[in-house]
Amino acid sequence: MAPSRRDLQLTPLSGDTAAEIGAMEEVRLLDSYDDEEDSLSKIEEGVGGSGLRKIQVGVTGMTCAACSNSVEGALMSVNGVFKASVALLQNRADVLFDPNLVKEEDIKEAIEDAGFEAEILAEPVASGTKTQATLVGQFTIGGMTCAACVNSVEGILRDLPGVKRAVVALATSLGEVEYDPHVIGKDEIVTAIEDAGFEGSLVQSNQQDKLLLRVDGVLNELDAQVLEGILTRLNGVRQFRLDRITGELEVVFDPEVVSSRSLVDGIEGEGYGRFKLRVMSPYERLTSKDTGEASNMFRRFISSLSLSIPLFFIQVICPHIALFDTVLVWRCGPFMVGDWLKWALVSVIQFVIGKRFYVAAWRALRNGSTNMDVLVALGTSASYFYSVGALLYGAVTGFWSPTYFDASAMLITFVLLGKYLESLAKGKTSDAMKKLVQLTPATAILIEGKGEREIDALLIQPGDSLKVLPGGKIPADGVVVWGSSYVNESMVTGESVPVSKEVDSPVIGGTINMHGVLHIKATKVGSDAVLSQIISLVETAQMSKAPIQKFADYVASIFVPVVITLALFTLVGWSIGGAVGAYPDEWLPQNGTHFVFSLMFSISVVVIACPCALGLATPTAVMVATGVGATNGVLIKGGDALEKAHKVKYVIFDKTGTLTQGKATVTTAKIFSEMDRGEFLTLVASAEASSEHPLAKAIVEYARHFHFFDESAEDGDTSNKGSQNAGWLLDTTDFSALPGKGIQCLVNNKLILVGNRKLMSENSITIPDHVEKFVEELEESAKTGVIVAYSGQLVGVMGVADPLKREANVVVEGLLRMGVRPIMVTGDNWRTARAVAKEVGIEDVRAEVMPAGKAEVIRSLQKDGSTVAMVGDGINDSPALAAADVGMAIGAGTDVAIEAADYVLMRNNLEDVITAIDLSRKTLTRIRLNYVFAMAYNVVSIPIAAGVFFPILRVQLPPWAAGACMALSSVSVVCSSLLLRRYKKPRLTTILEITKE
């Protein structure tokens, strides 16, 4: 595309190049199908060489081979599916299909029609391949007012070819769309949103080869041409587009050829200082959009108000002032001056300022849906056009009926006021997200050789050496390579106490360096960084829909038709009542008719009804709760997790690393042979040195400390002791780790066994009674007894302890007071497990039986419909976290991307388990209260507006007052959700005061 004054774009890739890339994509696609190359080539020949896709589907409910056969049969019956393989034990189906013939949703529905639950799993990505089968784009969607709008947009997006998934959030005015970029592009998605009657634009995507820059220095056409020339000459730049008005430069580049930092440096260097570039964060657009929406509503409201005030004076004040009244009643043509003025002012309000209501209403009706805009347009139009008709009728017949121009104007004014207040309130719900975004560092000091320079923090690359000054933000995740300091990590982990950082200590981007100067080496940047993952998790949670929202979606789908029907019944009922004399004429307004009297009731019914409050009840509460959770170190992965966590009946705890500190230490080493202590410890440490088990590391450190009195060994890091290992550890051969038993190897050509009773029994090692008694004493004191045998004889026993976390007892008691039953599941020795459980206050202890382990215990508890939560470390306990109704990964630290968990608890502190459950309960209570507000408002207000109580109270609710009530109803719901911002997590001193709800 030729460059213009506003837009610049490089010529697209040539056909040959595109064909080569397409061929490469096809090869990568085929490579991802393991051991199926021959069959796939035959299949592709049969379908004209079109590309096939392979997905994994999670299938729930299969219990036997007949079930898996049923699922396979259902899948193979779908047109377009070429192969289906179902794994019963893994509860998974691998499906090979043609995306041109069948969609993922069709595959899921086929499994569900067969009587099973199905879920499309994340697609596997080939190792070393940067190409993505699908992209996830985040789009702003302007103009949505209620749940009906959300349903309409979601339906339109999901029907687009190439769209795999679409989720729209009313509270954030955002939509997340997963799409195949080879089938549909972002511009087509934006066009579909706009065709549906809304405003759309792309915020960000997970594409890694695009950079959005703010450019300063492009002042005229010559500057634009210079910039174009620079970009054209840079290797790796594929396309670019410059918006002269906003100063935004979008560059598409090949990351294999040029890095983002090299790209920026190249542009600034070639421009000889003419251009200054800054990388734009996608969240900047979100912040500006929130502010822009509120500002736009405020301008509309002020404009409408400025025209409504003269109307008020003409209608109410001027008739009491003789001079003004004389002017207003002066006839000018067929109408009086006052009528001309009111008609002119209201026409501007109705069709200029209120144009958005007509446009939005028409778009909704065109797409076969209805929303609040339809009600507002209908109500104001009825009032306006009746008033125009009354004027024209009076001019023709001489019979002048009262007009209601003021009702139309005031109605639009109050609706705009409500929308403005709603925009402000909705903006407050995202305050926590904005605070997280503000944590993102803007710049960093890059150390290059002996020099330093300041760069944009978004241009940091893994391996960069960075300097952090006192009081500055850590610019990226990394490790300290020089210096020492204390770092405030409270904004990320929720831990208020500053953490000491020395050489080799990990640091988290966005946290605050308190005192000394640090040099760090960047390890994780961009979307891999902890802060980015936290923001992503919170965004995903805020995009999700809680199951309780289905109620609001259903009500919204029928709400407007029901209201319009009630309005018609009101109009007809009051009109017929007047015609048959059911009420006296004294009730009519001056010069009014029964029809006018009935019409005002009908208009009030239309405008007072509000579906917006119902649509905002759940998403606003979820949005605030997820933000509050994030600021307290509790990351919630969605509204579904919140809803399930509030009704948890059982909490499953892993013992090691969850209830205990996970730092095993040797407390006892007793020798039952003639071997001296040093020889015994050397022998055991030599055997355990090749093991990665925590107990093995504890034994090696204990032996090293005995030999060298090395106090630094307490940190458990053996990586830097290699020189010492060579001097005192013995050579071993035939090492073997035996899961659930221990280890064995040869030392000096003699067999050494280190493990439990089962290992000794299998090797015919006799355990004397006094040794057995000693081991039992260790186990009863919550320690693990490690038995050592050498050359066929038992030589000693070591006791290893893992201390409990200080808060474990209080948290367990707090859960019991909340009506939640804690259960400990462990594969440790039964006596040790019982001792630990007794010490912490847990009465129910379950054995972890492999291979199913904790997951089998969880499934047994779920049989009666109970909701089960699992608390684990998020790595070794992933299967159990996935099996539980609510998975809580505790102590995740920098590893926040744990797919199996519903909650990620950043701190290694059990108090956050209480916080997660308590926050979920308060959130669900708030959601229910929001629904009560929304439903009660409509149930009470609609009868009042319809005049049900008029015969008793003689009070008629005018349309403008009805509009004010409608506007304030949604504001009240959002403000109710905002009260969750005052949430304070329970402390150790207050946990015991929690009672069962």
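Using the three backbone atoms N, Cα and C, a Cβ is placed for every residue, glycine included.
What you are looking at is a predicted structure, and each value in this text was computed from that prediction instead of being measured.
Pulled from TrEMBL:
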- 53-119: domain 'HMA' (DOMAIN)
- 135-201: domain 'HMA' (DOMAIN)
- 209-275: domain 'HMA' (DOMAIN)
- 301-323: transmembrane segment (TRANSMEM)
- 343-362: transmembrane segment (TRANSMEM)
- 374-396: transmembrane segment (TRANSMEM)
- 402-421: transmembrane segment (TRANSMEM)
- 551-576: transmembrane segment (TRANSMEM)
- 596-617: transmembrane segment (TRANSMEM)
- 931-953: transmembrane segment (TRANSMEM)
- 959-980: transmembrane segment (TRANSMEM)
Three-state composition of the domain 'HMA' (135-201), taking helix and strand from DSSP: 22 helix, 24 strand, 21 coil
Beyond the flanks of the transmembrane segment (402-421) by at least 6 residues, Cβ under 8 Å: 145, 294, 297-298, 300-301, 304-305, 307-308, 311-312, 315, 339, 342-343, 345-346, 349-350, 353-354, 357, 376, 379-380, 383-384, 386-387, 390-391, 589-592, 596, 600, 603, 607, 958-960, 962-964, 966-968, 970-971
Leading stretch by Cβ pairs under 8 Å, where the reference is the transmembrane segment (931-953) and the options are 301-323, 551-576, 596-617, 959-980: 596-617
Residues of the parent chain within Cβ reach of the transmembrane segment (301-323), under 8 Å, 6 or more residues beyond its termini: 338, 341-342, 345-346, 348-349, 353-354, 405-406, 409-410, 412-413, 416-417, 419-420
Residues in the domain 'HMA' (209-275) grouped by DSSP into helix, strand and remaining coil: 24 helix, 20 strand, 23 coil
Local confidence of the domain 'HMA' (53-119) - pLDDT mean: 75
For the transmembrane segment (596-617), sequence-distant contacts whose Cβ falls under 8 Å of one of its Cβ atoms, 6 or more beyond its ends: 145-148, 150, 170-171, 371-372, 375-376, 378-380, 382-383, 386, 390, 401-402, 404, 407, 411, 415, 422, 426, 549, 552, 555-556, 559-560, 563-564, 566-568, 570-575, 578, 587-589, 927, 930-931, 933-935, 937-938, 941-942, 944-947, 950, 956-959, 961-963, 965-966, 969-970, 972-974, 977
Cβ-Cβ under 8 Å with the transmembrane segment (551-576): same-chain residues at least 6 beyond its ends: 146-148, 150-151, 370-372, 374-375, 378, 582, 594-595, 597-599, 601-603, 605-606, 609, 611, 614-615, 617-618, 931, 942, 946-947
